[in-house]
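What follows is a short report on a single structure.
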């Protein structure tokens, strides 16, 4: 496929505000693609070269990209940087430069072979792999070779891709729906395969080649989508939901981790499927010593501890571990302990279809506790008073509360169901709990906040429609540093119109691709005619909103937008808070 054909589809996807139109455009594109190029097309649409756990990054900032455009067009870098300062879009700079800069003669241009998708992808992969002395010059040379042969529209999307600002915001589920339509494959089957092996490029090629989805199995070294929990505010409600008996585990305030042991090496993946092994070499070493298996996939929580007292520290302390440099110093200042709570695979045996009580038994057989690896404290209960006692014990020891699970439940990858239920201490507040919401828009700041965003439009996620619905406008709780950080985080996501996956009655000054997730608390959840969250769920024509929302200071960089608080959860929180007596 010629890259120009892909660029036309990207332009159409970018301009639409209708998700159904987006699916139709992608379906048509996939039908035309060859099996050997469809994976590259999918990766490009997602803005990635490879799946997240492989950690392949282009390492190209705007200035380097502008150097490449300058080399290809003969326009000065200074002039191009001036254009960039005005537009803020390196893609627009590339489009304009290719339209205005020196071009081949008409004859030479006619004889020039059009760019192919595979050629663009392979060149970008070379850019990503360029390292060591002279790497920057090599990156510029490779990129300029693409720009010199690209049309203005092609150059726009190549430039945006290389700086990580493609701005399409196409969701994984949208791509799955389009693949299902294009190849006549069950959408549910594709979703199941994606949960087991969440590499959409590989999945697209698999179905394009006509291979059965049953071939895709859980594989050590490839993270699966984690199972997620619902929430309730009382032990009696939790037990009723779980059929009268629950396995309750401490809910540690740390970083959820999926640990893969394979051929003597350990990989640690975040809930966003990124390889974070570099941040926890001590944990990886401890896993090798503690896990008595050749191959295994385990789940747990990495918790920071005080090196002097051994007491658990808040989740935020683990952020010191994320720096690529000074890891040794961070390990000493912020030691970490791993608390394991599930075993998904061991030595050729897929345990995800086995009941939790069996997985727990196998976990205790496989793990030799000690050092920095432990099994999360748990118990099995059938009485609300016993659950509450265990809950208070957990909170007093510095945890967030409990995760209560059905003893007979299988491991449902990527699902948020009622087999796992959170019971957290935050449920004692009026609003019952904090919520994690997605930033979809912003309002310009005034006075001290001039030049930045003064407030943000936040939305909850509805997995049944794959859409985001607004629930509040928040401007409280942000420090000056927070406002600057939010501005810098959101600028690359700025788009000229409401995103097709966002439903909003409010009109902010600026719209964004839904990607940034932040934690918010409020006084209560109220009925609102201004917001679209859960319209009609409680009262006809009226949605839900958070009253007096406030940013807690916690950026949920560990969560994808699809991991945000759901609209269904907000309805349940609204209904439960009615039972809390006011004082």
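Along the chain as shown, residues are numbered 1 onward.
Backbone N, Cα and C define each Cβ position, glycine as well.
The feature ATP binding site is assigned by Swiss-Prot to 249, 256, 271, 301, 341, 416, 422, with sequence analysis given as support. Listed in sequence order, 341, 376, 377, 378, 402, 403, 404, 405 are the same-chain residues six or more apart from residue 249 (ATP binding site) with CB atoms under 8 A from its CB.
For residue 251 (active site, N6-AMP-lysine intermediate), the Cβ neighbour count at a 10 Å cut-off comes to 24, with all displayed protein chains included. Mapped onto three states, the DSSP output places residue 251 (active site, N6-AMP-lysine intermediate) in strand. The active site, N6-AMP-lysine intermediate annotation in Swiss-Prot covers 251 and rests on sequence analysis.
Counted within 10 Å of its Cβ, the other Cβ atoms near residue 416 (ATP binding site) come to 19, all protein chains included. When the Cα atoms are compared, residue 271 (ATP binding site) and residue 251 (active site, N6-AMP-lysine intermediate) turn out to be 15 Å apart.
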